[in-house]
Each structure stands twice: as C-alpha cells, then as structure tokens.
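*Asks:* The following block contains the structure, expressed as structure tokens.
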Amino acid sequence: MPISTNKAFVKDRARCLMSINEALAVVCPAVSVKQAIGVYLFQNTLTTLGTERHQHIIEELWNQQALSALALTEVAHGSDAKNMRTTATYDQETEEFVINTPDFQAAKCWVGNLGKTCTMVLLFAQLYTGGQCFGLHAFVVPVRDPKTLLPYPGLIIGDIGEKIGLNGIDNGFVMFQNYRIPRQNLLNRVADVTKDGDYESSFTEPGKLLGAALENLSAGRVGIMQEGSNNLINAVTIAVRYAALRTQFGSDNGPEVPIIEYQLHQWRLFPYVSAAAVLKIFTTSLTDDYLNAVEMSNTDTAIDNLREMISEIHAIISATKPLITWTCLHAIQECREACGGHGYLKAARFGDLRSTVDPCVSYEGDNNVLLQQTSNWLLRQWSSVINHNTTHSPLKTCSFLTNCNEILSKRFAGSSVRHVKTVAFVTQTYEWLITYLLKNTHQKQSELLTTQCKFTARNNSQVYKAAPLSKAYGEYVALKYYWNHINEHVEADLRSILGTLGLLYGLSCLDKHLVYLLQGNYGNGSLVNYIQDAILELCNEMKKCAVSVTDALAPPDFVINSVLGKADGKLYENLRNELFRGDTCVPEILASKL
Ligand SMILES: Cc1cc2nc3c(=O)[nH]c(=O)nc-3n(C[C@H](O)[C@H](O)[C@H](O)COP(=O)(O)OP(=O)(O)OC[C@H]3O[C@@H](n4cnc5c(N)ncnc54)[C@H](O)[C@@H]3O)c2cc1C
C-alpha cells in the first residue's frame, strides 16, 4: 500500500485509494465508509492541510495503530459550518489548545467511527487566541487509548444508535470539557499559532481558510459520485434482467409478453440505463480532471488558472454530486417497483442499495445546499460576462456564456422528431436553457436586492431560478464530458449505441425542463411533441440492446448480489433456490393437525 507523502505521488496515491474504495463500496459499503473516513480522508487532510510535524500520524494509520474520524457536524449545525460552536482556545502558558463544547447543541455528532472504535478525530473548531476568534480550523485530537479503546478523561463519547442503514459504521457524538491538546496538533499549512499565541495565516479572509479546509471534502464527494454511478448500474442491471425474463399478459390467446416489451416499462427503465452509462463515463473523466488539479496544487511551480480551475471543479462537483445521488436514489425506487413484489425481497438487493445511497444526498454536503454553491459560481461568471465579456472557466463548462446574446435570441426551428435526435440539438438547447435560467436568476436577485439584503435575495431566488439552473448545468456538464469521451476514446463501432444512450439521457433530462423552454419561447407545443416522441423512439431502439448494455456495464453477480439480477437468466430457478433456503418445514405442532 503506498503511504508515501512525496508530492510526486499525490495523484497516483489518490487514484489508487479511490479505486480501492470504489471497489469496496459496491461489495461492502459500510467497510468502505469505515476505511474512507478512518484512513483515506484523514491522510488526505493531513497531507493537504498539515505539515511535516503531522506526517508520523499517517504512518500510524497505515500501520493500524490508529483509526480516525472527521468531526465537523454538530447537533444544531450541519450545512452551516461557519456557525459551529466547539472552541479551541490557545493557552500560552502550557502551549496547548483547550477544547470545549459549550452545550449539547454544540456536541459533535454523526461522526463515523467515533461511536466505538476511532482513536483520534480530525476536529473542526473555532480557534481562539489572545481573546480573538479566527474561525473554524482543523485539529488532530486523540480521543481513545489505542490499546484499550477507552475514551480519555475529559470526553463524553457515545454512539448515536441504530440508523436506517449503514449500521456497520459506529456514528458517534462527543462533548469536550477543558480537553487539552498540544499546540502542534493544529493543522498549520495555511494558518498557525506561534508559541507566544500570535496568529499567522497566508489567507487574509477567514472565509477562504474555511473554504480551503472544507475543499478537502471534494475527494469524498468524488468518491460518493463513483459509488453512486456504480450503484445506479447495479439497480438498472437487476431491473432490466428481470424485465427481459418476466412475462405478464398477452393479446387474446397469444403468448405472454415479457414486460420489457411494454412501452411504459421501457420509458420507466431505459432513461435510467442511459443515465448509468453517461454518469459512469462522466465520473471517470471528471476524476481525471480532479486528480490533475490536486497534483497541480501540490507542485511548487505557479500554474496559470489553477485557482480558477479549482473553483470550476468545485462548481461541477457541487452540481453533479446531487445529480448522481438523486438519480441513483430515484432509479433504485423505480427499479424496485419495476420488479414488482419480488423487488421487495431483501434478496433482490434494492432495500440495501436504497439505504446505502439515501444518506449520500445529505452527507459530504447536503444536495440542496451544494446546488447553491454552483449557482453562486455561475452568477459570478455572469457578472464577468456582463462586465468584461469573459468567463473564468478553464475547463470550458460555461465558456459559451460569452455568446449569451446570440444564444438567447435562438429559437427551435426544427420540423420533425429527427431534428431533436441530435447531439447538436441537445447541446444547443442546454446552452440556451442555462443562459436563460442564469439571466433570470441574476435579474430576480437584482430586483430583490433593491428591497432585501443579499442573504434574503439569494434565498428567495432559488426556487424556479437558481436551483433548476444548477441542475441543468450539472446535466449539461455530464453530457459534455460523455460526448468528449466518446469522440476521443471510443472505437467507431461502439459509437452508435453510446450515441443512442447519450441522446436518451439528454432528452429525458430536457423533458423535465420543458416548462422553461416554453416559458422562454425557445419552442412551442411541437417541440414538446418532438422531444416526447424522440424519447419513445429511442426507448424502442434500446429495447433490443438493453440487456447487452447492462451486461457490459454490470459487475459480476457476487457484486450485484441480487436473486433477481443474475447473469445466467435462470430467474425462477434462482428464486426457487432462494425461497427454499428459508424454513420450509412444517412445524411439528402443525404437522400433527394436517
Ligand atoms: C450516515 C451519515 C454519516 C455521517 N457522517 C458524518 C461524519 O463522519 N462526520 C461529520 O462531521 N458529519 C457526518 N454526517 C453529518 C452530515 O455531514 C450532515 O448531516 C450534513 O452535512 C447535513 O447537515 P445537517 O444534517 O445538519 O442538515 P441541515 O444543514 O440542518 O439541513 C437540513 C435541511 O435544510 C435544508 N437547508 C439547509 N440550509 C438551507 C438553505 N440555506 N437553503 C435552503 N435549504 C437549506 C437542507 O437542504 C436540508 O434538507 C453524517 C450524516 C449521515 C446521515
């Protein structure tokens, strides 16, 4: 296992750890989460926010002498990290930080691994020195004796109890009472406190420091996106295999029809199959860009646009972590229903998948809150376009905005379904939609700002404006990466089916935004008809290859682990074996009465 902290290996190490975590997550999610927060996240944070004086802890983690946890959330504050109330006050006499939890509402909670097992936590607390508060900072805090796993005096630690799922993780809470740690336990790469209690930071604004600290969570979000796209593949594989084998009804005295033949069933499942292909390829490509940015930020030479690139990647992840986790969660429910009653069997796997994916929409950044970070970034790009006719988009995910006037003047001019079944149509329509929603969001906020403060104006321009804007941007970016990948890396004979999948995904997503296309006069009722007809045509085209597509995406049976989704096609034989594995004997007491 690579533990080197050499800067040259940052990208390779991160990729290696991500791959291990990704593989583990589809087989045993709780173990993967335990390892991710117990080792990887901590190591990542120590490498990026800590300095040489913290590197020995990484050795301890890899030598299994320590297990860590990340303690950010408090009972009364989660998304609103700035208002967290745990304090770390510098004591110049002893050269220590004294940690305190003012009351129960400030107890750190939901902390994975803390309930029973971790020996140290990465604690986020408000740093005080010389009577002044310098905002949230990260500290390494030993909490348990590694030999006995008993908590140290000065701590109240507990397990938060049974959860809806992921009970393999011991999520815990902790309260600190004048708990002392050495000054050196502050992660001091960007800010430090000297022996004499002077605060020194390379950031002038405390908000930026918090941003740098929390930016480390991006790795976790990318991990969630990888897990989400894999779980989406698992769900659609089970439902498509089942749909191909399950028959219900038939015309008059004709043979029974496999449910995959029903248009309604195709329309329920195939857009999720296409989402699985698009989002898997997107996540893999984005991970490359993310790791390149991580590597660049770890080199000593100045790199043009690096800060802008990191901001853009943050905006992309803030839109697409919600996109993937919500798509996955909704797909699991649809796939469960698509397998009827048998889908409700535990052995069908949908229950486990659902309870694993469910918290992903809340942790590592609540989805609705993350979307606001994307729209804030897009609004900054809009200001830049208005004032300087430029964008800060090195990855070119919104560089089209510099043509905003031309884009907004465009109207759909097609006259048949054929005209919407093209990559150009989907791309141009998304560019119009994003520009339209961005302009509207900016306008709405400007109007509100005449009577409301910035905070209120932002809050009152989310629904129908900023939130759909971020969602549309996330879908557009995912498709952009997908099509780039197909054009650059895929052999010609595969392009046809991948093209169909991309179009079906794009049009199915646009289907949900039709109201804005009509509202902004981009098209009329005919456009709606063309998009709907195109989706049905593409579903019909996909019918003949849906099983092959899911076979190509699917992991081995032991990973999918579903009685309904085995690759051998022996649905009823497998189901019979599963049912007969249970207690099938008639109890003696009943047998005598039969
Ligand atoms: C299984 C699991 C494991 C976890 N592990 C950890 C861990 O290891 N360490 C850790 O520190 N934390 C952990 N958490 C906590 C997690 O990070 C938080 O739940 C998450 O950050 C959201 O915060 P919250 O629960 O306080 O929700 P809140 O921030 O209170 O949000 C509640 C609701 O209000 C909405 N909302 C909030 N602000 C706004 C706004 N401005 N506008 C509109 N709507 C808004 C949100 O969208 C959300 O729906 C874990 C949580 C779970 C479920």
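Backbone N, Cα and C atoms are what each Cβ position is placed from, and that goes for glycine too.
Just so you know, TrEMBL annotations are computer predictions that nobody has curated.
Keep in mind it's a predicted model, so treat the numbers as computed, not measured.
The domain 'Acyl-CoA oxidase/dehydrogenase middle' feature in TrEMBL is assigned to 69-178. Per TrEMBL, the feature FAD binding site maps to T73, G112. Residues or ranges marked as domain 'Acyl-CoA oxidase C-alpha1' in TrEMBL: 217-379. Marked as active site, proton acceptor by TrEMBL: E364. According to TrEMBL, the domain 'Acyl-CoA oxidase C-terminal' annotation covers 425-579.
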*Asks:* Report the mean pLDDT of the predicted model across the domain 'Acyl-CoA oxidase/dehydrogenase middle' (69-178), rounded to a whole number.
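*Replies:* In the predicted model, the domain 'Acyl-CoA oxidase/dehydrogenase middle' (69-178) has a mean pLDDT of 97.
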*Asks:* How many Å lie between the Cα of E364 (active site, proton acceptor) and the Cα of T73 (FAD binding site)?
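*Replies:* Spelling it out, the Cα of E364 (active site, proton acceptor) and the Cα of T73 (FAD binding site) are 10 Å apart.
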*Asks:* For T73 (FAD binding site), which residues of its chain lie six or more apart in sequence with Cβ-Cβ distance below 8 Å?
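*Replies:* Residues satisfying the criterion: K108, C109, W110, V111.
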*Asks:* Under the DSSP assignment, what numbers of helix, strand and coil residues are found in the domain 'Acyl-CoA oxidase/dehydrogenase middle' (69-178)?
*Replies:* 6 helix, 51 strand, 53 coil
*Asks:* Return the residues near G112 (FAD binding site) by Cβ distance under 8 Å, restricted to its own chain and a separation of at least 6 in sequence.
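*Replies:* Same-chain residues close to G112 (FAD binding site) (Cβ under 8 Å, separated by 6 or more) are V33, K34, I37, G38, A69, L70, I169, D170, N171.
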*Asks:* Look up E364 (active site, proton acceptor) in the DSSP assignment and report helix, strand or coil.
*Replies:* coil
*Asks:* Specify the count of other C-beta atoms within 10 Å of the C-beta of E364 (active site, proton acceptor).
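*Replies:* I count 23 other Cβ atoms within 10 Å of it.
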